[in-house]
Amino acid sequence: MKTIKKTLLAAAIASFFSSGLYAQTPIDLGVVNEDKLIEMLVRTGQIPADASDVDKRIALERYLEEKIRSGFKGDAQFGKKALEQRAKILKVIDKQKGPHKARVFALDVGQKRTDKVLALLIDFPDLPWDDNRLTKEHTEMLYDRYEPSHYQDLLFSDKGYTGPNGENFISMRQYYESESGNSYSVSGQAAGWYRASKNAAYYGGNSPGTNNDMNARELVREALDQLARDPNINLADYDIEDRYDYNGNGNFREPDGVIDHLMIFHASVGEEAGGGVLGADAIWSHRFNLGRYHVLEGTKSNVPGRFNGQFAAFDYTIQPIDAAAGVCAHEYGHDLGLPDEYDTQYTGTGEPVSYWSIMSSGSWAGKIGGTQPTAFSSWAKQFLQNSIGGRWINHEQLSINELEAKPRVVTLFQTTDNSRPNMVKVTLPMKRVEGIKPAEGEFSFYSNRGDDLKNRMSRPLTIPAGSQATLRFKAWFQIEKDYDYARVLINGKPIAGNITTMDDPFKSGLVPAISGQSDGWVDAQFDLSAWAGQTVELAFDYLTDGGLAMEGLYVDDLRLEVDGNQTLIDNAEGTSSFAFQGFTKNGGFHEANHYYLLQWRSHNDVDQGLANLKRFGQLMSFEPGLLVWYVDESYADNWVGKHPGEGWLGVVDADQNALVWSKTGEVAQTRFQVRDATFSLFDQAPLKLVTADGNTLEDMNLTANASFSDDQDYSSPQAPDSGRKVMPFGLKIDLLSQSKENEYGVVRLSKVTTENIAPVARFELKVEGLSVMSQNTSSDSDGNIVSYLWDFGNGQTSTEAAPTWSYTKAGSYSVTLTVTDDKGDSDTHQQTIKVDTPNALPQASANYIHLGRWVTMWSTSTDSDGRIVDTEWTLPNGKIKRGRMFTAIFPSYGHHDVQLKVMDDRGAVTTITIKVKL
């Protein structure tokens, strides 16, 4: 594993994005300004000016879908090392049993951490920063001039920055200080304006292949080259972190020769907000890296052994000239390791996060979009607490089981109040998730999944003498290509087979090995002829690094074939012959963490933006109160259009009444549905929005809901993309009181024990010969069925939900199914079936003799599993004869065709034609 750690991972950053696939840059859909994008599409003729609001939205969705389909997004914006860091933090979170204070990359907990950010401003020959041709049509963040001092205040001021109409808006520094309880801050400098060598469209123009920006990274490199010659910047001030621990000493707070946090501002509106005068040729705001370290020639760092003692840059974020704090703080959140929380593929009408988090739509909150970004989700604050340390959350952790013994009453303060309890985590029993079904039988061998694994299974194997010996098995694998490897070993050395590769781009020394994806179960074979006549150690191992934990390796039905004769080694059924060190037997499912995070939201501090959300030129609000987040780690995305009601993160909507547009009858998007997701004692504020073509959205159900119970349906059947499917464990959360200003609420958490309703076992069977196919129609009205046990009446059993099986003998059999629910209650259903061997077709044949034109024919037909019960002859003149033999006079000499049809005692028919020559 040291080889992986020091060689493979050290090269990961420099090479991860070097292939042609990543010549373009990603898009961040979390910073989309839909209204401005629609205006751009109208302005450029892609949408008719008189199009209806519905048609405009459809056109916008198509525009975004094209970018998603052709380009790349989501975690593609993170390099290998950044993903590894995130994985380490998540591992710490999963292991916490209480208000644990582990910090992975933090300073001493008593210190306030201030990170250094360097902002570079760069314009274009055809679009200077002081002559950018912007108008109110392009942006609400319109200034006469965009001086460097504006960005200095926007990012680093402790007093805010001046808005276009003289307002005082929150700076990025103030946002992070508020969210962290003043335990984390940023400082830095805005340098420039520099000037690019080419016109703006060269950098932001979209690739024909991906429809994403072609040369945005080239613009970043040009800005860095000019930075290297700028005498006003002391680069050593911006190298105080070793973000990826390049020297492996565990110290993340030391120089590494790389600029810590780099922000680029270009002289146009971003494409995500219409692109200003450039339209689609503007750069789309994003977080990314430069593919390989870019060295700032002529500079001198404090790390002489790296980059020839010069500074370099790698990670960056890029924002538009008119950026507000929301976009900057969102992209900087990525730089701290946070993923996007929205539906990164736009699969449906929106995920149930929306404006509730800056890492979704909350970056665009405010009367002027982006000037009042909303707070982080509880999940994001939990992540930052464990990665940075400080006071992002002041939380209590409870388990569902301890609530059964004693209910708890908690005063939960608004999420912006970090000095008092502002989050409650409720852990649940592990969630059982359907996985990879075995290739055959009930079990297969599984490597398990995870970071930094060194898993193995082994056993002695005696290989008989022979000329050709082959190990054969079924394999299913999904392994991070070029980074993680599974291997077959003989006496500790890896051997090659038909599913292995010799590709080893990072010189790990682990090949031949299995890497990449099999796309289903495949037949594997490995030549063991060199060890014929010997007893060897057969082993499988699975070696992974950090960052991206893919499914791993499954192995089933291992056989040894010597000179054509096969013997079973192990099929994972019964007691295994393998010794396990990390590998396990797997029955086609795995377990995942899931839990609730309780957060109190208000319209105070950074959450003022929840009261000022602009849609269709009108303001709406997200309601204050108790927000219940449900985290489900069995999912890695929020693609709710593909799995409605399910995803890795979302809020439980307290108001299950769907909002519908009056004119079209269309169910509104999730951003409108979850406006009232909070549980509260106070009725909701009214909502009424009217579009330009008179379509009205009005919320007619404003009654408060103060109680959550996990036995209720929160899947939002009318608007399923906004719903959350939760599991019933008896969790009940009651809001007892809340302050008039919504600064806190008093919450009672309990586990309610109710009499379990037993499951109902039911099934249907389809019999074909000796084979039987089952359809399981069992149900559990108040929970989930967690196990199935079939008895086929012949000594065979199965734990699959809907198995298919075969009998070896005909006869009557009683098939029994026993189902057990998540509370331990069971039910049994039995059905008797009759099976028979498949009927063999009768074999038709005949002989004949003739005397002149007199012909006698007789059937010699047989039936191997019965008897012939009907014989029919069709003569040349069309007449029909029946019986095993007949005599008839044929009309002429020559060649004649006689058709013989025979039927057996089970109705099978065979017909042949007999040639008669007279």
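In case you wondered, yes, glycine gets a Cβ from its N, Cα and C as well.
Keep in mind that what you see is a predicted model, and the values were worked out from it rather than measured.
The annotation signal peptide is assigned in Swiss-Prot to 1-23 on the grounds of sequence analysis. As annotated by Swiss-Prot, Zn(2+) binding site applies to H330, H334, with the evidence given as sequence analysis. If you look up Swiss-Prot, you'll see E331 marked as active site, on the strength of sequence analysis. Under the heading Ca(2+) binding site, Swiss-Prot lists I757, D782, D821, D825. Taken from Swiss-Prot, the feature domain 'PKD 1' applies to 758-835. Annotation source Swiss-Prot lists domain 'PKD 2' at 855-918.
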Residues flanking the Ca(2+) site, with Cβ no more than 8 Å from the Cβ centroid of I757, D782, D821, D825 and excluding those residues themselves: N756, A758, P759, D780, S781, G783, D822, K823
Cα separation, H330 (Zn(2+) binding site) to D825 (Ca(2+) binding site) (Å, whole number): 48
Fewest other C-beta atoms within 10 angstroms, as judged across H330, H334, which are the binding-site residues: H334
Mapped DSSP class for D821 (Ca(2+) binding site), helix or strand or coil: strand
Site of maximum Cβ density within 10 Å, from recorded positions E331, D782, D825: E331
C-beta crowding around D821 (Ca(2+) binding site), within 10 angstroms: 23
Secondary structure content of the domain 'PKD 1' (758-835), with strand meaning DSSP E or B: 0 helix, 47 strand, 31 coil
Secondary structure composition of the domain 'PKD 2' (855-918) [DSSP: H/G/I, E/B, coil]: 0 helix, 40 strand, 24 coil
Neighbouring C-beta atoms (10 Å sphere around the C-beta of I757 (Ca(2+) binding site)): 13
DSSP-derived class (H/G/I helix, E/B strand, else coil) of the residue listed as 'active site': helix
Distance from D782 (Ca(2+) binding site) back to H330 (Zn(2+) binding site), taken between C-alpha atoms, in Å: 41
H334 (Zn(2+) binding site) and D821 (Ca(2+) binding site), Cα-Cα, nearest whole angstrom: 42
